[in-house]
Every structure is written in structure tokens, then in C-alpha cells.
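Asks: Take this structure first; my questions come after.
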Amino acid sequence: MFCLLVIVLLALQSEINAYNISPYPNSVLNFPELEGNRRSSYFGFSLVIREKSIMVAAPRANSSLEAQRNISEPGVIFRCYFESGNNCSPYNIDTKGNYKGMPNDGLLTAKNKDFRWLGGAMDGGTRDSDKFLVCAPRFYSINNENDYNNGMCYWLSDTPKNIDSTEVMEKWPLRIEKKQVLKLADTNLIPYYSMGELGLSAHVSDDNSKLLMGAPGIDQWKGSVHLKQEVPSIKTSSGRQRRGMNTNRKCNECNPEPKNFGQEEFSYFGYAVSSGYFDSSNLSTVLYVATAPRGNNQFGEAYIFDIYEDSIYKYHEFRGNHFGEYFGYSVLAEDLNGDGKTDVIISAPLYALRNSYDDGAIYVFINKGSFTFEERIIRSPAGSGGRFGTTLSRIGDINKDGYNDVAVGAPFAGNGSVFIYLGSENGLRDPPSQCLDAPSQQPSKYGSYMFGHGLSRGSDIDGNGFNDFAIGAPNAEAVYLYRAYPVVKIHAIIKPKLQNVNPEEERVNITVCYRLSSKSDSKAKALMEQELVIRIDIDTKSKIKLAVFDEEHGSQMSFKAKAFHEEICSEFQIEMDKRAKFTPIALEMQYELSKKIPNSGDFCEDCAVVDPAEPKFVTEYITFNTGCATDVCVADLKISCINASSTLVLGTTAVLRLTYNITNNGEFAYHPKFSVTNSAGLSLAQVPGNCKVNEAVMVCDLNHGQRMAKGDTDSLTISFDVRQLRGRSLEIQAEVLSARDESNPENNKLTNVLSLREKADIYVSGVQTNDHVVLKESPYTAEVVNYYEIKSHGPSTLENLTVSLYIPVAYKTPDSTNVKHIVTSSPKIQSKYAHKIMPINFIDQNNALANNFAIDHDQSTLLFSATPQHENVGNLSGIVEQNPSISLLNEDLPVNNTLVLNCQDTNVTLCVPVEIRLENGLQLKPEELMNMTVSFTVNLKDADDIWEYFVIQTDLKVHKIGDPTLSSFTIEKKIESNVICKHAEIAIWKIIVSVIVGILVFSAATYALYKRGFFKRAIKDDLKQLIRDSFEDGIIRTEMEENAQSQGDADLDEKLDAYADTTGKCTHV
């Protein structure tokens, strides 16, 4: 699982995500069950691979030997042959049991082999003739009931099939009795050899002349090493003795004393050991490297050194960088870059990345000569807890590229993983070329596999010329063998038969050649013959296909072909389009091996692989006679814009059109193209047919895709959608280019910068929506409701606007500092725009008004709770704004008893300002209405009686962020004022007194007139008598006329006249 994740990550970083090691084990060696084992034997803990077999250590196994039946877990070495069904049998290095004996001649003789961990460390070359070194670091001797954990090693000069126990050599250099425990001057006893643990690490030099064993417990865990060697005559190339060295002090059996080279206590020097050719002035001399992971104050250290009798001479020191990372847990010496000098890899498996633990890392030190090293850290790709670098192994040059490769184990990454790193001219390549995961993700009965804790060297066990290697999984009691596939290199070329093809040619022949090579000496079939898959593409990057193979294949042809060591060539014919004869045509040939290695443990005997770092394609061009002075035409394209403006008023147009002219003043311009982009990422309102848009960049073919000769011109009109355009400026960049060189590239580009302006006409209106207020009686309160509208007539859309409303709430009395409040209720303000309730902000510049108004507002309504109070005017200030005059509305109001409250008159009026902000993308768009409803209660109870009319003039202003002069818009206002009429009420007592006084005055006047005879009316009596007499005469005359008519009296008139004379009255009027 870990490797699957790692491979995914590595695939993103590099094409090298698998290589020539089989991805799954090709065979498995399992622990031969022995009697008495109750826990894991750790079969596979350490490995030494040979030509046809592998030595496998099981340091916790019980022995089947009769002499060791009563010994608990002495450890067993197994030899497993690859050609005999992977059968494993004990390779009995030590056939004897425990021995109880007294010291002899000052040397311990008792041997206790219980839990001695035989095979805890092993080393040896890959040939059967190489020496073989096996150690048991927990071997101990008993003397006077004291256990001395000296450690013991065994070595053989070679590994014959049938081992002779007499040929096994024991190495027990720490058996000196008097050095087991030392007494200091203060009588304290310290362990010296008694906890030495010789063989915790083991190493056999490449020339088989030296055996180096680590003993990190010597002298209170200062640590040291033991060296068995054949002493050569060491001279430099000039015949002079090497600096700092005395050949007389060379030893066959060397036990350096830590006190002689100043080793730090508890530093564990000798924890890991190796050797190599580090001295660039003498590359024939072997020097040693050993680590002390708890040295350097637990930062860890390692030394390159030589040994002389009882001390060492240090040539170079390596130091860890992090406390507790266990720098020096493992060490590997190998020439990684092929320069002949041995490089060094030191692991730190407890190295932790941030927010992680025990990730692990390896420090790679590239030898630059004269004991100077270039350091590089490769951090774990295995994740937290994997302990990358627990084991390191030299696997040789597995891909035959001339550089040695290494394997790095991370046995605690799940069930364990192993990473393959390839050498190169610059050291190790990173990332790894391959990751091998434990075959199973399920834990064994003993827990996680610890796959990778055992790593063998590389050895070609199947004879195909490439090194194979084995991986041990101690907790699974198994060893997995991984074989390597041969690596071949594909050599392929593609080329036209003719150079500079004539423009009139309709067909062109091309030649394709290919062959295989390998640096391996093997003559295996996999190298001799491989099938290739070849694909040829014509002009893949061209949008217009200018050449094809034929109607059947089009511009792509694929085929399979056998490849050998010898080069094979084939010819193909390409049909040319007339448009292509002046344009170079790209031919790209891709190739790969047809047969892939199986994604399983089955090994394919006739398969091979190609180094993923090698190219997988080759490109060539068909070129034509250009008709120019040289093979390469030099054009001189020039671009200009004929209708560009320096200013754009936003909203005046939905589409911005720019027309560009392109002229060629040079030689032929092939594939002329025009591209345009803009700083605002505007989309195109229209895309011409010869253009394509990709991520706001439009690219167009000029001259219908044909070449442009000298003097040719073309033009394009580009239409940008500017409906959503915002900002202060717009930069439009246009460029023309061709497939060939340009003589004057400066005029190929043109940048137009347009200054963006906003312009809008805003209309503001306000009216009172309820009836005019007339207050006739106490408490002289009434609600006033105003409605306001704000509308922009454009053309621009405005943003970052603030609408401010000013409401008069109080006034100052003349010649006084007192303030009288006329708005004492809780004004409610609600605003809507674009179907949204707008938030209201109360602004009190000096907090003075807040003393009188308790504020309670939410997203939709603003409330001011007020109580009328008299305040000192010194604490208040109005809106500072000059206004030359204040009119009294359209109504004819008396000036002397009318009070006008206007927020611009700061000497009289005190106002409450509120704000509505259009922010967070909200914009005032043309013809979209914004409204505001304001209601408040006026209270004129405490107003001065001299005022009969109160005029409240609210004001509304608009501001824009970044436009202090309001140059981007104009405002027309029509806001009606609120007029409140107050008629004073007459007191009852005044009415009663007035009535009584009136009655008294009336009575007195009447009596006076009576006394003066005003009420005597003589003329009235005469008129009554006259009326009465007239009425009586009328009756008499009527009777007389009636009588005369009845008697026919002709003298009636005379009788009437006579009657009139007697009465003295008129008979006619």
C-alpha cells in the first residue's frame, strides 16, 4: 500500500516510476520449520547472496544440532539454492554446544550461546570464493557468575557446498579477563569488554583482505572496532609514506582503545562499519568508515579512518544535523558517480519531517577528492513511521549505465518497502527508480513483515547479465528473490530523402531506421531480438493537416517491427498539400518495446526494458526552398491600431471594437498569426472565423493561413464585451508573429491603454406620504412618513457608493446654548435595492447625539429611541456645509412665526446622519430604483410658542469612494420639506371670564340707551295707524264698487271722488 501511494507521487514527479527489477518477487524462500520455535526466528534478518545460492540468517531460530538442542535460540544460518526448488538447509557455522570453563592464560573460555543472535550481522562478496563473515553480537561468557556480553564472529575463506567445521575461524578478541571490568581511581567499576557486543556490525572488504567488526559497547559504550587484516606494504605513488601514518604500527589483529582516540561515552562507535577507497591521492589503499549514532551529543557522527595497533587515525568526520535522528544507524561505501572514488551514504532512520515521526532519511556524501565531500539529503518517500534507511545495500550497476546503484529499506512502512536509487554522474538520482512493496498487505502471525530489513547485495544469478537481489522479511520468516530484466537502448531516426524540397513537389519520401544496443555482455535472446511499436505523426501541432501518408492512414501511421543489433531501415511516402510547400513539416516518431514485463511474479525470459530516462521519440523536419535570401526567411511584420481611443466612459457601449492593420515589410512571413489579450480578462463579443480563444487569449491566422509576401497587408477587428468592465484602466496587448525570424521584433507588439471613466446622472426625490400635520391641541405630537427614491440614469454603473440621509432632530433657541428636540420618538428607516433589504449605519461624528438617542438597528431597520432633553449647544455640532440661502418652500408661510430646520444651517439645526453603503459587489445600475422609507414622530410640546409653523428639511447626499470631487456623477434633487402647523389652545378660565365680561358690558349699554329714549319709536305708531286707515278705506271702496255694478250706477266715479274728499284720501296711485 505504501509503495502504491509512493508510485503515484513519483509518477507525478517523473516518468521513472518502474524499471528493470521485477515488480513482484520471482521466488520465495520460506523458513524451514524447526522444533522449539515459539516466536519469529527472524529468518531473513540479514542476507549474503552468492552465485547460485543465498545465505540467510535466522538469529532467533533454534538449532537442530544435537549439541545445541538445549540451547535457546542460538540462531541458525541457512543456505538456500536457487536451482533446487529454493530448498533451504542449515549451514552449520558452529556445531558445538555451550562450554563451561575457567579462564585460561588470562582468557575467558566459557561459552554461552543462548540468545546469541548468530547472523545478527553478516557480510561477504557475491562469489563462493569470497570470504564469509557471520557474527553473534549477544554471545556471552560466564565467569564467577558474571555474564560478559563480548560478542563473537565466525569467518570462512570461502563457502563450499559442504562446510568443514575445522575451516571455520572464531573471532573472540574481547575475551581478555582483566579487561572485562576496569576499576577507576575512585574505586568505581566500569564495563570495558564485558558489554562490547562485537559483531553488531560486520564488513568484508572488496578485496577480501580485511574483516571489520563493530563493538559499540566497549569502554562504557564508547565503542570501537576490531580489524583482522593482511598487512600490505603501503606506499604512495611517489614512494613516500602517507601523511600521519606509521607502517611499523600496522597490525594483523587490531583492537583500538577508545581512550586513545578520545571517543565520547555512550556514543556507540562501531554501530555500522564499511570500507572503501576514499583517499584521492592513493586510490589503491583501503580506509574504513564507522558510525557513532549517539556521538556528537546525540546528533550522530561517523569517521573515515585507518587503524594502527591500539588507536585510529581520523581523516574525515561526518556529522548529523538533527538531534536524535540516529545518524549512523547504517552506512554504505560505494562509488556512485563512476569517478573511482568511494562515496558514502549514512542513514538516519529516526529523521522526522514536520508534523511526523520516524520518517527517515539518508545522507549522501559525494567524494570530491582530498577528503572533501558534497552533502545531500534524500528524505523518506515512505511516510511517517517507515524508518527509511534502516538498511542499505550495494546492488551494483543493475541497469548497466556505468553507475552503481543502491537499495534502501523502510521495513516499518506498513509491512515494509524497499526503494531502488540509481547512480549517475551527479550521484544518486532522486526520486527512486522503483519501489518494491511487501507482497502482502496483511500482517503475519508475528506482526508486520519488516520487509526490507534484510537486503542482499546484487548478483546475476540467472546469467542474463543484470544483477538480481533478495529482500528479507524477518517477521514473515521469508526471503523474496527479485530478478532483473535486461536493459536495452533503442536507436531510431527519421529523415526525409531530400533536403530543401522543391515547392512543387507533391510527394516526399522519408526513411525510418532503428536498432538495439546494450552494455551487457550477455548474448541472451532478449537483447538479440525485440519487437518495437513505432508510430509516426505528421505535423501533430498544426491545426491544419498539410501532409498525410494516404487516405487510409491520414497523418498518423503505426506499425510493429523487429529490431536487432544491426540497423534496419524502411521507406514511406508522404503526400503534400499545396499549402505546405513553403512551411516546414514536423515528423515525429515514437517508439517503445512491444512486449511489457508482466505485472506479476512470473519472470518473462525474453522480455527487456528501456531506461525511462532515455528519449522515447525523435523529431525531424521536411524543409522547403523558401524563396528568401537564406534558408531562413526574415520577415518584418508591423502592427498598428487605427481607431484606438485613450478614454472609455463605462456604460456608453456594450462592445469595444478595435481595428488592427498588419503589414509585412520584409521577406516571406510563414504562418503569420495575430494574438490579443487584455488586462481585465474580457471575453470576446465576436470571434472571427479565423481565430480561436483559449483562456482569454485570442489567436488568429493572418492572410487566410497563407504566407505574407513583402507589402502584403491584413486587418482584423476585435470586439470586446465591456458590459462588466470595471476599474481605472484597460490595457490591450496585441502581437503579430510568424514561424520564422523577425528583423524588427519591436514593432511586432502594440499596447493600447484606455483610461476608464464613470459617468452617471442621479435623480433623488423625496415626498411626505401621509397628510400634512396640523397640531391643535396637546400633546402636539404626530408621525411624519417620508419616502425617498434614488435612481441613476446612467450611462455608467456605479460602485462603492454611500447614500447619506440627514434628519433634523433638534434646534438651538436664539441667544441661548440650550437645545430643544422636536424628534423624540424612535425613527424607523428602511431601504431596499435590487430586491434586497439594505443595512443602515448610524453616523454620529462626535458621539454627542448618542447621549439623547438609544440606537437599536438590524440589517433592515434603524431605530433611534429619544427623550427630549435640554443640552448645552457647546457639546453639539451640525453638518458643516455652507449654503448661501434657505427658502421657505413654495407655500406662503409667515416669515416671523415660521422656523425652518435645515441641516446645512449649523447655527440653528442639529441633525442625525445615516448611511447606506453599496458594497460587496452591489452596484447602482442605470434605471434601477433604490428607495428609502423614513418615519419619525415630532413632538412640539416644548417648542417655543412664537413659532406657529415648523419646516423640517431632510437632505440626501451621495458619495463615492475614490471620487472626493464627485466627478463621476451629477445629482438632481427634488425633496419636499415637512411642514408642521401648531395652533395654540385657549384656556377654559379665559373663556368663562370673557363671557361674563361681555354680558356685563352688554347690559350696561342697553340700560343707558333705554334711559336716553333710544328704544321709543313714534314713527312706528304713525305707520301702523296709516296702514290701518288704508285697509279700512279699501274695504269701503270695494263695497261701493260692488254696489254700483249691481245697480248700474254711471256716476260711480263721482261718488268715489266725493267720498275721497270727505275722507281726505287718494283713490288712485
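Quick reminder: no glycine exception, Cβ is built from N, Cα and C everywhere.
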Asks: Where does the N-linked glycosylation site label fall among ASN87, ASN282, going by Swiss-Prot?
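Replies: Looking at Swiss-Prot, the N-linked glycosylation site feature maps to ASN282.
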Asks: Looking at N-linked glycosylation site as annotated by Swiss-Prot, pick the matching residue from ASN20, ASN875.
Replies: ASN875
Asks: Are there residues at least 6 beyond the ends of the transmembrane segment (986-1006) whose Cβ is under 8 Å from a Cβ of it, and what are they?
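Replies: For the transmembrane segment (986-1006), there are no sequence-distant neighbours (Cβ-Cβ under 8 Å, at least 6 residues beyond its ends): none.
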Asks: Have a look at the glycosylation sites (ASN643, ASN661, ASN800) and report the one with the fewest Cβ neighbours inside 10 Å.
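Replies: Counting other Cβ atoms within 10 Å of each of the glycosylation sites ASN643, ASN661, ASN800, the minimum falls on ASN643.
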Asks: Name the secondary structure element type, per DSSP in three states, that contains ASN907 (N-linked glycosylation site).
Replies: coil
Asks: If I count Cβ-Cβ pairs under 8 A between the repeat 'FG-GAP 3' (184-237) and each of 104-165, 312-374, 437-499, which range comes out on top?
Replies: 104-165
Asks: Using a 10 Å cut-off on Cβ-Cβ distances across all protein chains shown, tell me which of the glycosylation sites (ASN282, ASN415, ASN896) has the largest neighbour count.
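Replies: Max Cβ neighbours within 10 Å, all protein chains included: ASN415.
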Asks: Measure from the Cβ of ASN62 (N-linked glycosylation site) and count the other Cβ atoms within 10 Å, all protein chains considered.
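Replies: A 10 Å sphere around the Cβ of ASN62 (N-linked glycosylation site) contains 20 other Cβ atoms.
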Asks: Enter the number of other CB atoms within 10 angstroms of the CB of ASN509 (N-linked glycosylation site).
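Replies: Excluding its own Cβ, ASN509 (N-linked glycosylation site) sees 11 Cβ atoms within 10 Å.
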Asks: For ASN70 (N-linked glycosylation site), identify the closest of the glycosylation sites ASN643, ASN661, ASN800, ASN896, ASN931, judging by Cα separation.
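Replies: Its closest listed neighbour, by Cα, is ASN800.
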Asks: With Cβ-Cβ distance below 8 Å and at least 6 positions apart along the chain, what are the contacts of ASN931 (N-linked glycosylation site)? List them in sequence order.
Replies: TYR787, TYR788, GLU789, ILE790, SER831, LYS832, TYR833
Asks: Going by C-alpha distance, which of the glycosylation sites ASN509, ASN643, ASN800 is nearest to ASN415 (N-linked glycosylation site)?
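Replies: Closest by Cα: ASN509.
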Asks: Distance between ASN800 (N-linked glycosylation site) and ASN661 (N-linked glycosylation site) at the Cα atoms, whole Å?
Replies: 39
Asks: What is the separation, in Å, between the Cα atoms of ASN661 (N-linked glycosylation site) and ASN896 (N-linked glycosylation site)?
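Replies: Given the Cα positions, ASN661 (N-linked glycosylation site) is 75 Å from ASN896 (N-linked glycosylation site).
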